[in-house]
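Take a look at the structure below.
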Amino acid sequence: MQCWILKMGSRVWLRENNQHYPSTVHSCAEGVIVFRTDYGQVFTYKQSTITHQKVTPMHQTSVESVEDMATLVDLHEGSIMHNLFQRYQQDKIYTYIGSIVASVNPYKTIPGLYDCAAMERYSKHHMGEIAPHIFAVANECYRCLWKRHDNQCILISGESGAGKTESTKLILKFLSAMSQHSLEMSCREKTFCVEQAILESSPIMEAFGNAKTVYNSNSSRFGKFIQLNICQKGNIQGGRIID
């Protein structure tokens, strides 16, 4: 790789210890190039020792970050983590990977992220039309019940403290709102009781199997399968939770 490509301020990927670090060319003079990673590390190399395997230019999709990581041109672990990190700094905790949504626990409340206006907005759009959100996944699943006339399943996975239980509650909250919207006013009270029973049973089940961990004071110790029965009119009629 020639020095003229590595101008001062250029954004590059620096490969160190089998990892790709997002970096900036700090200086390039007298045959010596200094790189500074986004994580504060500084590496100095002689120009003659730099290879394409060691340093590669950063594509604009990685510089600016993207909503769907399937569109990343630089595709490796470093670019994925860097994209998630950039969005996390902007309180954008949801990012698509095709039809999958990656969520990073913010460990704080983000105003307006889950309010009624957000539910209303995502209920009117297909997945991918507006910013990534867990409501978009729930809405796509709800829509596909009628579009494909088949059962739908959402799989939520992640490490301890990642927010799996909270994500489950948010999906149930959205589906409950969609269910209520599909009903006539006279039928809503009865259906609301069914939905509340499902939503409120989760904390009770957790009380039997949760424990305190380093990351989470109320960590689920077992997997849960939640099944909702939705009628042709679109409202929730029943459900069950299996451990």
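Glycine too: its Cβ is placed from the backbone N, Cα and C atoms.
From a predicted model like this one, the values you see are computed outputs, not experimental measurements.
Mean pLDDT for the domain 'Myosin motor' (64-243) in this predicted model: 84. According to TrEMBL, the domain 'Myosin motor' annotation covers 64-243.
Around the Cβ of Glu159 (ATP binding site), the number of neighbouring Cβ atoms within 10 Å comes to 12. Look at TrEMBL and you will find Gly158, Glu159, Ser160, Gly161, Ala162, Gly163, Lys164, Thr165 tagged as ATP binding site.
Note on Thr165 (ATP binding site): other Cβ atoms within 10 Å of its Cβ, all shown chains, come to 19.
Every protein chain considered, the tally of other Cβ atoms within 10 Å of the Cβ of Ala162 (ATP binding site) stands at 16.
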